[in-house]
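Let me begin by presenting the structure, written as structure tokens, before commenting on it.
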Amino acid sequence: MKIYPDLKQVQELAEKHKANKIPIYGVIPADMLTPSVAYLKLNQGKKYSFILESVTQGESVSRYSFIGSPYRILMANGKTDPLARLERELKEVKTAPVEGLPSFSGGAVGYVSYDCIKYFEPTTEMPLEDTLGLPEAMFFMTDDLVAFDHAYQTVKIISHVCIQQGRPIEEAYEAAVFKINMLKKKLESPEIPLPEQKKVHLGYEAKSNVGEDGYKAFVSNLKEHIFNGDIFQAVPSQRIARRTDLHPFNLYRHLRTVNPSPYMFYIHCDDFDIIGASPELLVKSEHGRIINHPIAGTVPRGKTKEEDEAYAKDLLASVKDRAEHVMLVDLARNDVSRVCDLDTTSVDKLMTIEKFSHVQHLVSQVSGVLRPDKTRFDAFRSIFPAGTVSGSPKVRAIQLVYGLEKEKRGIYAGAVGRWGYEDDNMDTCIAIRTMVYKDGTVYLQAGGGIVFDSDEQDEYVETLNKLRSNVTAIEETEKLYAEEENSSA
């Protein structure tokens, strides 16, 4: 297998860019591999690992799947801004551009919980029950990863030449080549170490933390605040907990087929797992441009093409949904313009329909060119959490919803994504349609935007619609494994 770039080219890149980490890679065909199989082969027995995918049509969105594990883990302790440490770590790396690599070839993969807003807006901090007990943020620092190029049906095996004073660059290059060859050997092994799946029982009941009456009370309370002029909009949520005998990776494998989404992810964090199919980009940094995708307004998918189109037309004609959406686009413009040049901030797309497996949404795009005195982390802090999961004005809405929910949201409505070694490389989604698996229980959470004319029953049903795709994935996966057990008995 040929390695790109070669040693001489790496030496030239290191000198030209004053780099201390340079990516190199080899390429193998992907015709006998899938991302799920590659993940299993590469991460057997590892306590921490990840797979990031985009299972949608369109090369610009879904070209690559990324698989890897960390060489070091950054875990938030609940005392200081977790992004500050991540920013310091990434700044220590000076890399160089290498042709032929995907947009992400090394850096950090992880999550930022919704409750980290207290570090960016201290007035939102208040005592809250910590039901799940997860770290506030976690980042996997990764130099070695596998990128599936779905456009060309190849696999790029990536490692980094770590250049250190006193260490010959030839030695560092050979160490990186050795890692690539070890990964190649694992990928080409005929053995697929399937997850250990115990006997699956059906019929476990899902339990809400607030119930139907509790959620409707949230809506009524927030409508009073809207009527009194305290806020324009807010986003309460409910969390459901459900036992399951499924291995969490088996659940992810099925989820990616029944709910293909722009942001698919499975992150294994030792004693808990994050399984997601998010439709919504939070913030992306691309060639100096900051991009945000507000999603607000939801209707179900129809059983027929005609019914599907009727639902979409109703959504586009809904005065309530359009008003709410415009409000959140304005909030997104404000968040983006705080870190971007005002004359470059624009609404690139306004209120288009995007269809997913179980729901349809109104979607817009807001973007701007990052100011020279700002960084991608400033952009993240400005936009986080998204107005679509918090409200408007954002800080007051967060305070009011926290006062009702009285629990930490954890990963729900936070962010999952990747931050490259390059200064302008960041791609994060909102952690919605996301499940947390811990100790044999799956936790799911969903909310909806409340405005002055919201109907309590409609809003409650909307949360159920948003939960449905993941609940269905759990139920269908359980049935599949139960049927396999019965047929082999």
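Every residue gets a Cβ built from N, Cα and C, even glycine.
The L-tryptophan binding site feature in Swiss-Prot is assigned to Ser54, Pro262, Tyr263, Met264; the stated evidence is similarity to another entry. Long-range Cβ proximity for Tyr263 (L-tryptophan binding site), meaning a same-chain Cβ under 8 A and a gap of 6 or more residues, is found for Leu52, Ser54, Gly276, Ala277, Ser278, Pro279, Glu280, Leu281, Val416, Gly417, Cys429. According to DSSP, Tyr263 (L-tryptophan binding site) sits within a strand segment.
Annotation source Swiss-Prot lists chorismate binding site at Gly297, Thr298, Tyr412, Arg433, Gly447, Gly448, Gly449, citing similarity to another entry. Long-range Cβ proximity for Thr298 (chorismate binding site), meaning a same-chain Cβ under 8 A and a gap of 6 or more residues, is found for Leu315, Val359, Gln360, His361, Gly448, Glu462, Asn465, Lys466.
Secondary structure at Glu462 (Mg(2+) binding site), as computed by DSSP, is helix. Positions annotated as Mg(2+) binding site by Swiss-Prot, on the basis of similarity to another entry: Glu324, Glu462.
Around Ser390 (phosphoserine), the same-chain residues at least 6 positions away in sequence with a Cβ under 8 Å from its Cβ are Ile117, Ala234, Val235, Ala397, Ile398, Val401, Ala413. The phosphoserine annotation in Swiss-Prot covers Ser390 (among others).
In three-state terms derived from DSSP, Ser392 (phosphoserine) belongs to an extended strand segment. Feature annotation from Swiss-Prot assigns phosphoserine to Ser392 (among others).
Same-chain residues at least 6 positions away in sequence with a Cβ under 8 Å from that of Ser488 (phosphoserine) are not found in this chain. The feature phosphoserine is assigned by Swiss-Prot to Ser488 (among others), with experimental evidence given as support.
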Distance check against Gly449 (chorismate binding site) for the binding-site residues Pro262, Met264, Glu324, keeping those with Cα within 10 Å: Glu324
Those binding-site residues, out of Pro262, Met264, Tyr412, Arg433, Gly447, that come within 10 angstroms of Glu324 (Mg(2+) binding site) at the Cα: none
Span of the chorismate site, taken as the largest CA to CA distance across Gly297, Thr298, Tyr412, Arg433, Gly447, Gly448, Gly449 (Å, rounded to a whole number): 19
Largest separation between Cα atoms (Å) of residues that the record links to L-tryptophan, namely Ser54, Pro262, Tyr263, Met264: 6
Residue pair Met264 (L-tryptophan binding site), Ser392 (phosphoserine) - Cα distance, angstrom, rounded: 28
Least buried by Cβ count (within 10 Å) of the binding-site residues Ser54, Arg433, Gly448, Gly449: Ser54
Cβ-Cβ distance under 8 Å to Gly447 (chorismate binding site), same chain, at least six residues away: Val235, Pro236, Ser237, Gln238, Val389, Ala413, Thr463, Lys466
